[in-house]
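What TrEMBL lists as Zn(2+) 1 binding site is Cys527, Cys530, Cys567, Cys570. The Zn(2+) 2 binding site feature in TrEMBL is assigned to Cys536, Cys539, Cys554, Cys557. Annotated domain 'Helicase ATP-binding' per TrEMBL: 288-444, in sequence order. According to TrEMBL, the domain 'Helicase C-terminal' annotation covers 562-719.
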Amino acid sequence: MSVARVIVDVPSRDIDRPFDYTIPDRLSGWVEVGSRVAVPFGGRTLQGIVVGLTADPEFDRSRLKELIDVLDALPPLSAELVELGEWMSRRWVCPLTVALQAMLPSALKGKAEKYIALSYGQAWPAEELLADGGFRQLLEKGDPVKLSYLLQHYPHEADTIKRMLRSGALMETQKVEDRLSVRTVLTVFPGSEDVMRSGIAELGKRAPKQREALEYLLANPEPIPQQQLAEAVGTTIGTIKSLADKGWAEIRPVTEDRDPYAGRSFAPTKPMQLTPAQQGAYEPIAKAIQEERSEVFLLHGVTGSGKTEIYLQSIQTCLAMGKEAIVLVPEIALTPQMVERFKGRFGERVAVMHSRLSNGERYDEWRKIREGRAQVVVGARSAIFAPFGRIGLIVIDEEHETTYKQEESPKYHARDVAAERARLHGAAVVLGSATPSLETYSAAVGPYDKDTAAGRAWQPVYVPLPERVAARPLPKVSIVDMREELKLGNRAMFSRALAQAIEERLERQEQMVLLLNRRGYSTFVMCRSCGYTASCPHCDIALTYHRGSQNLRCHYCGYAEREPEVCPSCQSPHIRFFGTGTQKVEEALAQTFPGIRVIRMDVDTTTEKGSHEKWLTQFRERKADVLLGTQMVAKGLDFPHVTLVGVLAADSALKLPDFRSPERTFQLLTQVAGRAGRHELPGEVIIQTYEPEHPCIATVEHHDYAGFTEQELRHRRVLGYPPFGRLITLTLSHEQVPVLHTLGESFASKLRAKAEAEGVRQTVASGTGLSLEVLGPVPSPIPRLKDRYRYQCMVKYRGEVDAIGWTSAVLRELADAMKRSGVTASVDVDPQMML
Ligand SMILES: Nc1ncnc2c1ncn2[C@@H]1O[C@H](COP(=O)(O)OP(=O)(O)OP(=O)(O)O)[C@@H](O)[C@H]1O
Ligand SMILES: [Zn+2]
Ligand SMILES: [Zn+2]
């Protein structure tokens with residue numbers, strides 16, 4: 001009798017370790033690593049996940065309690081995913097249960113009782129005929145049977161049942177009244193040909209509709225939903241039911257996958273002949289897949305260079321080996337257009353996962369993957385946990401996107417999880433982007449920093465794709481200095497150049513995309529005359545305006561100054577916080593260009609399910625001249641008639657107090673510029689800015705990724721920001737500030753002491769060698785949330801310093817003190833959002 005090591009689902013640091021339970025005989029066939037179980041814990045019953053089985057428990061067996069129950073017939077996690085979870089919990093300093101729970105579809109987490117049933121259309125498989133007559137008979141009746149009933153009465157059939165679940169002959173469902181359960185449809189199963197013919201004879205000239213329905217079934221002897229049959233012969237459900245009453249057909253509930261793409265047909269596509277450049281990129285990837293080498297590739301291809309076709313053919317190579325592929329795309333890019341490209345090539349083998357699916361729909365897609373009915377998943381961040389067992393390839397499209405980092409715990413980055421999962425599977429990883437993140441880019445091509453490179457778990461192979469397919473030119477980009485416009489008395493939102501370009505498009509009946517970069521809306525102060533913005537003298541980061549205290553603050557180090565009345569640089573009084581909403585732009589467009597047709601896409605107009613798609617379809621059908629929006633219009637869209645892209649307030653995000661702001665601005669501008677002229681018509685891009693000299697804007701003019709990167713990396717190296725130094729932030733929250741102060745100080749001093757004991761230098765900027773510094777505690781950028789104050793410490797370090805391990809050790813040391821005082825702590829390792 002072995003013992004199960006269980007992680008209970010209480011996300012707290014002080015019980016973040018496995019507890020041992022003995023497995024009663026009746027459950028022994030069911031419990032595996034990855035099983036969800038119920039266990040007694042401190043007088044309560046808790047859910048947990050089995051992370052290990054051992055014959056040799058830490059404590060005397062007789063003192064151990066027994067597992068109460070197994071909650072699913074098949075373990076929802078595999079041993080590999082459990083191992084991945086353990087790695088995540090160390091890598092991102094979170095309790096193991098938090099990492100494990102993140103891998104489960106939410107539909108599974110409820111307490112709903114599980115049922116087992118024979119799958120739709122499945123006869124009892126011949127190779128399972130030896131199975132115990134009892135439970136076979138039970139299931140063949142067609143009704144779902146409670147899992148707990150099977151566990152109790154057929155304890156020795158665990159293997160057979162699990163095997164049949166894995167092969168798809170059986171299926172696991174949830175409570176019938178549960179909205180998340182598998183949906184069933186009443187379906188007509190035609191009787192045998194003889195039976196139906198005799199039915200027709202028996203009916204004679206009576207009941208012509210019944211007769212018609214029988215004739216239909218004779219001609220199409222396939223199970224058909226009752227409703228559909230009624231419609232096909234133009235009759236009522238009652239008529240169909242009477243066929244069953246007379247024994248000519250049978251009506252049974254049948255489960256249906258809630259395929260969110262059902263009813264939409266995807267035109268099948270064939271692999272294209274790759275261009276020589278594409279071929280050169282594809283080959284090393286294909287080789288790694290075939291040799292089952294876990295290698296990471298950075299596919300750096302300009303917009304429109306045909307990256308997607310390379311993904312598709314690499315997936316094909318992977319499938320040909322009988323392996324599976326995961327494709328991650330940013331949530332916002334999961335449009336039907338994107339899905340279509342994968343479904344068009346691989347059809348039914350593709351499962352799709354994104355947050356706009358209901359829990360039930362996600363559960364269906366998840367089961368499709370687990371039961372081997374899909375070999376490709378296209379999804380947002382969490383699809384990285386798809387329950388595949390033989391992964392050959394993981395693609396991350398637009399790898400620089402911030403949506404790949406989860407902002408709640410576990411605060412993982414899908415890129416790192418992909419590299420680790422690929423390592424466990426011997427799979428290739430392709431990171432694709434026209435504007436790779438500086439972390440990924442410098443990991444691939446340098447500049448290397450001896451100390452930084454040592455701390456890196458993976459190093460990608462650089463695969464460039466510098467030209468568009470068919471030698472289509474990149475669009476012409478012009479940068480308009482809005483300070484000049486102001487000098488010439490143009491106070492309008494549109495520069496003369498942009499206004500004229502819009503006018504021309506309207507005349508030629510071509511389409512336009514207008515982007516308003518709304519990130520950082522109203523949080524920064526800027527001079528409209530000279531473009532000055534206030535930044536922190538110690539951190540080189542824009543200061544944030546705080547309405548309450550009317551001062552400007554640095555949330556890294558706590559520096560503060562009063563809101564200026566005139567510009568400190570040019571004395572102009574035109575200094576104020578900056579921000580223009582999309583709605584205002586829409587009004588201005590209507591005023592300036594009477595009759596212009598505008599589709600506005602922003603958070604306000606896209607909350608409804610499907611609205612995103614609706615707008616894009618309308619725009620594609622040329623029902624509007626302008627697609628106006630925020631970030632969401634910049635991603636992956638491909639419209640043949642768009643010949644103008646305009647960017648209003650290109651620099652607004654630059655003012656955000658985040659050292660990545662220039663990088664994000666460059667990426668956004670380059671991406672949105674890539675939307676123009678992707679087809680026959682040439683494209684033009686006009687970027688309006690108050691800071692035309694800023695490298696992240698100036699370099700966009702010539703599509704100069706390398707130029708931007710070089711300048712930005714030089715800057716980051718000096719300041720010790722990623723990729724040269726690394727960061728960890730700790731956010732503490734409590735109702736009272738003094739408590740936060742005390743705990744924040746003890747965190748900082750304990751961590752500093754550890755660094756000192758190891759002989760690590762305590763300043764990071766402008767240095768090399770091992771170093772670690774702790775900034776703060778200071779109030780967080782969001783200083784109060786739900787009546788709790790928030791303080792943060794930032795750890796900045798360089799080189800092979802075990803800052804992550806030390807941070808989690810210090811947090812364990814402080815766990816008691818935090819629990820007593822009611823302080824909650826949240827750690828962000830390699831934070832992406834500094835706000
Ligand atoms: N080998 C090829 N032969 C002909 N056309 C191709 C080939 N590869 C890709 N294309 C076409 O080129 C266009 C751009 O390709 P694709 O959208 O894959 O580029 P991308 O690099 O993914 O672009 P982005 O990053 O801007 O989304 C598409 O219309 C695609 O169908
Ligand atoms: Zn000024
Ligand atoms: Zn500062």
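Cβ coordinates are placed from backbone N, Cα and C, and glycine is handled just like the others.
Note that the structure is predicted; figures quoted are calculated from it, not measured.
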Shell of the Zn(2+) 1 site beyond Cys527, Cys530, Cys567, Cys570, same chain only (C-beta within 8 angstroms of their C-beta centre): Arg528, Ser529, Gly531, Tyr532, Pro568, Ser569, Gln571, Ser572, His574, Ile575
Entries of Cys536, Cys554, Cys557, Cys567 (binding-site residues) sitting next to ligand 2, with Cβ under 6 Å as the cut-off: Cys567
Minimum Cα separation from Cys570 (Zn(2+) 1 binding site), reported as the residue among binding-site residues Cys536, Cys554, Cys557 that achieves it: Cys536
Filtered binding-site residues, from Cys530, Cys554, Cys557, whose Cβ is under 6 Å from an atom of ligand 3: Cys554, Cys557
Neighbour tally for Cys527 (Zn(2+) 1 binding site), based on other Cβ positions within 10 Å of its Cβ: 24
For Cys567 (Zn(2+) 1 binding site), the one of Cys536, Cys554, Cys557 that lies nearest, given that the binding-site residues are compared by Cα: Cys536
Sequence-distant neighbours of Cys530 (Zn(2+) 1 binding site) in its chain (C-beta under 8 A, six or more apart): Arg483, Cys567, Ser569, Cys570, Ser572
Distance, Cys527 (Zn(2+) 1 binding site) to Cys536 (Zn(2+) 2 binding site) (CA atoms, angstrom): 16
Segment-level pLDDT (mean, integer) for the domain 'Helicase ATP-binding' (288-444): 92
Which listed residue (Cys536, Cys557, Cys570) has most other Cβ within 10 Å, given these are binding-site residues: Cys536
For Cys567 (Zn(2+) 1 binding site), the number of other Cβ atoms found within 10 Å of its own Cβ: 21
Other CB atoms, at most 10 A from the CB of Cys554 (Zn(2+) 2 binding site): 22
Residue pair Cys557 (Zn(2+) 2 binding site), Cys527 (Zn(2+) 1 binding site) - Cα distance, angstrom, rounded: 24
